[in-house]
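As structure tokens, the structure follows; a few thoughts come after it.
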Amino acid sequence: MAVNLKGRSFLTLKDFTPAEIRYLLDLSHDLKAKKRAGILGDSLKGKNVVLLFEKTSTRTRCAFECGAAEEGAHVTFLTNSQMGKKESIEDTAKVLGRMYDGIEFRGFKQSTVEELAKHAGVPVWNGLTDADHPTQILADFLTIEEHAHKPLSEIKLVFTGDTRNNMSYALMYGAAKMGMHFVALGPDSLKPDEDILKEMQEYSKETGATIEFSSNVDEAVKGADVIYTDIWVSMGEDESLYPERVKLLTPYKVTREMMNKTGNKNTLFMHCLPSFHDEDTEVCKDMMDRLGLDIREVEDEVFRSKNSVVFDEAENRMHTIKAVMVATAGR
């Protein structure tokens, strides 16, 4: 059956079938190949796209702006909206839906992007919330397919760190849909929500995926195709969380030793970025000096190794986001 996503919002991978996700990945591969051949499309010619940002961004903003422009769209970047302050989310959605053909939202609450989608009348795309990050997962899966050279259904992906964060959940949703073996690796006190685990395990019955949690590094990483991590305190979280968080998560830091424990010399290291892997950022250096803690979630050696595909992931944000826009709002 042909896949048609015209007019659909992209809020979470939970809303999409494996066939629909496969379609978006195939379209991403195609658009990337055309871009490299110097062929740009015009699927969004004459269309207007607005980007709503509550949280700062490098990759998400650049990916949406470049992707939209390369397909012919006009883009508005909006950071000073009155949404939720002097104007309700519903009213803002209705106004923007009259002027724009697609709306991207990057912010805090998942309920905000859902409310926008409910009332806008045009596709709404989730650029990140505290609960989910679906565009990142498409980029991750595209990157895995390019480097692992086997189907996603044969991939074992281990997310190590705070397994309650949006990246852990987003990867879990994608893995469940695509029949992958996903392990959330971290301390018991930072275990994923039990209801979400059960929900994903239900999805897995249909796709053959395996979704599990482990606090044992040696067992969890054995045979892994991918080791994935994220910073230990997310955007918007209080800095005071660091001392206890670092104490809990240091055993789950991605090190050369952890990579070796996979028993797979080709294990990929992945990270959604930004990353604390050295002291070359003001924030990381300042916090390490003030707190007297090593807050880096990955060793610099691993981050810069041949196994690291983090910058391929970053590039692939653009190709996959372009695919989402073309598929849902294109001509």
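Cβ coordinates are placed from backbone N, Cα and C, and glycine is handled just like the others.
Applying an 8 A CB threshold to same-chain residues 6+ apart, the list for GLN82 (carbamoyl phosphate binding site) reads THR92. Per Swiss-Prot, the feature carbamoyl phosphate binding site maps to SER57, THR58, ARG59, THR60, GLN82, ARG106, HIS133, PRO134, THR135, GLN136, CYS272, LEU273, ARG317; the stated evidence is sequence analysis.
The L-ornithine binding site annotation in Swiss-Prot covers ASN166, ASP230, SER234, MET235. Counting only same-chain residues at least 6 apart in sequence, those with a Cβ under 8 Å from the Cβ of ASP230 (L-ornithine binding site) are PHE159, GLY161, ASP162, ASN165, MET167, SER168, HIS271, CYS272, GLU297.
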C-alpha spacing of ASN166 (L-ornithine binding site) relative to SER57 (carbamoyl phosphate binding site), in angstrom: 16
Rounded inter-Cα distance in Å - HIS133 (carbamoyl phosphate binding site), ASN166 (L-ornithine binding site): 6
Rounded distance in angstrom between the Cα atoms of THR135 (carbamoyl phosphate binding site) and ASN166 (L-ornithine binding site): 12
Neighbour-count leader, CB within 10 A, binding-site residues: SER57, THR135, ASN166, SER234: THR135
Reduced DSSP assignment, THR135 (carbamoyl phosphate binding site): helix
Long-range Cβ environment of ARG317 (carbamoyl phosphate binding site), under 8 Å and at least 6 residues apart: ARG59, THR60, CYS62, ALA63, THR135, GLN136, ALA139
Lowest local Cβ density (other Cβ within 10 Å) among binding-site residues: ARG59, HIS133: ARG59
